[in-house]
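Q: Here's a structure for you.
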Amino acid sequence: MAQEEKIDSVGLLDENGLAYFIAHAGELEHPRELVIDVLRAIQKNHGWVPDEGVELTATILGLEPIDVEEVATFYDKIFRRPVGRYPIHICDSICCWSNGGEELAELFQQKLGIAFGQTTEDGLFTLLPSCCLGVCGQAPAVMIHQRHYGPLSADDVDELIERLRREASE
Ligand code: FES
């Protein structure tokens, strides 16, 4: 494991976070278990995970960057490119699909004027398709920053977007 003083976290992790992960990695037989946790911490600080974040994670955990990259690109809640302040994951799996998920996805695209994979010009919203979010009883559902919303009607979509815009302007 790398020593804390030799690691430059380039503003991706604060000192406490860096120290925590180094210490925790040292206690584990397989520090690889922490890959997602470190990436999520970086994403929380930075909004997304740049190449430097992948390298930092590898250094902290004593892995090769390719090991971290494989996890980062497999897990669709880790962003390897900049996203809006509110990344909206819209579920396209069976329960949501059969309960109006396609219409919901269409509605979000119309209301925000963007397609999947795009970010609104004001930098607030990014639309992303997602496999099952694990809340099938709330279908059709979306997730924004670990929080689930559903079942969503057309009125709910308007209200949600407006609420987030208000929150962003406060
Ligand atoms: S199918 Fe959408 S949350 Fe499970």
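Glycine residues also receive a Cβ, built from the backbone N, Cα and C atoms like all the rest.
So TrEMBL lists the following for this protein:
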BINDING   C91, C96, C132, C136  [2Fe-2S] cluster binding site
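Mind running through what each feature is packed against?
A: In sequence order, G101, S130, C131, C132, L133, A139, P140, A141, V142, M143 are the residues of the chain that are 6 or more apart from C91 ([2Fe-2S] cluster binding site) and have a CB within less than 8 Å of its CB.
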Q: Just to confirm: which same-chain residues, 6+ apart in sequence, have a Cβ under 8 Å from the Cβ of C96 ([2Fe-2S] cluster binding site)?
A: L104, C132, L133, C136, A139, P140, A141, G150
Q: Going by DSSP, is C132 ([2Fe-2S] cluster binding site) sitting in a helix, a strand, or coil?
A: coil
Q: Can you count the other CB atoms that lie within 10 A of the CB of C136 ([2Fe-2S] cluster binding site)?
A: 16
